[in-house]
Amino acid sequence: MSKPLSLLLTALATAALGISAWMFAPPGTLLLTLCLGALLLALSIIDIRSFTLPDPLTAGIVLLGIAMVWLTRPEEWRAHAIGGLAGYLVLVAIEVGYRRLRGRDGIGRGDAKLLGGLGVWTGWMGLAPIMLAASASALIGVIALAVTGIRKADADTAIPFGPFIALGGWVVWLGAPYLLPAGVY
């Protein structure tokens, strides 16, 4: 991708994050939500370019999530702690299982850390919708790449999954009042 196009897409994504945060951030969380969006965008760009999700950035999502829970919903800390732990452990289990079945890496540990961080934000009830949105958007992306011929898409094609987890997490975080049962949000 050319540098001007990359910069344009980054600027558009930043604007979309800011506008969506302004419109849909849960009460009392706008600043933390903007920070979450910035980290998710940075992680997505890095993962697309290098297939890595740096620990300091995924840790930032966890720490911001802990701050959000502490400041805005301290009585729900258990659901959010379970969300962080379950999000991490589910993808680690998939990673280990895939490696044993296929004899090679599939999903990376950074993806598990990212989902764990988003689990802190959304609580355990947000994990399934995040993974549904991430998987659906990844499937659409792979089909689009294959149909347009931009990139081959077969069982051996490496696709960075972090951007799709980030997108799913963003949608679920902002859409939680509409997606999750009352009392969970």
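Using N, Cα and C of the backbone, Cβ positions are placed for all residues, glycine too.
Remember, predicted model here, so these are calculated numbers, not experimental data.
Feature annotation from TrEMBL assigns domain 'Prepilin type IV endopeptidase peptidase' to 36-140. As annotated by TrEMBL, transmembrane segment applies to 28-46, 53-71, 77-98, 118-147, 159-180.
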Mean of the pLDDT scores, which run from 0 to 100, over the domain 'Prepilin type IV endopeptidase peptidase' (36-140):
97
DSSP-wise, what's the residue breakdown of the domain 'Prepilin type IV endopeptidase peptidase' (36-140) into helix, strand and coil?
93 helix, 0 strand, 12 coil
